[in-house]
Amino acid sequence: MRAYLYDNLDTDCREPHEQNPSVPVSVEELEASGVLYWRLKDENFEDQIDKICADRNYKNRDQITVSKQGLGELFDAKIKTFFAEHLHEDEEIRAILEGTGYFDIRDKQDRWVRIKVEAGDLIVLPAGIYHRFTLDSNNYLKAMRLFKEDPVWTPLNRPCDEYPYRKAYLNVIEAN
């Protein structure tokens, strides 16, 4: 995982969009925005996932392959939906199994932070955080999705500051 401030240029979202000079964002800064990160080791990947699930009360999991082949005719529409700025009422938890992509989050100052993820990364985006996702130019990512309850992925596009999970998120962030 590598995180840095997004350059906000209106070009292909699958490009790195790294400012020049680059402005790195540390794991501690991500944590201040409520984002959690683990680097999983290949040799005991499943054991690590099981431990995180037990510790954080994740009960369900599935897998998604985000690629032209995996999504077929829905590919372009799904990528557009994923890249629209949104939030969820639940955490978004992804363990990257194969490939690479980007999660963009809004930090405490409402700046875009780009987080490049690759196989072995596990990321948790808190409920209520504005974010988006896109592939990189490789156009392929396979991820395990983890859920506290039944698998649900309902994006609420910005603006939705009036929703209780957005307000709860802001209260937690402001307290830190």
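Note: Cβ is positioned from N, Cα and C throughout, glycine not excepted.
The feature Fe(2+) binding site is assigned by TrEMBL to HIS86, HIS88, GLU92, HIS131. Here HIS131 (Fe(2+) binding site) comes close to GLU85, HIS86, LEU87, GLU92, PHE103, ASP104, ILE105, ARG106, LEU125: these same-chain residues lie at least six apart in sequence, with C-beta atoms under 8 angstroms from its C-beta.
Summarising the annotation, TrEMBL assigns Ni(2+) binding site to HIS86, HIS88, GLU92, HIS131.
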Excluding its own, the Cβ atoms lying within 10 Å of the Cβ of GLU92 (Fe(2+) binding site) add up to 22
Within 10 A of the CB of HIS88 (Fe(2+) binding site), the number of other CB atoms across every chain shown is 18
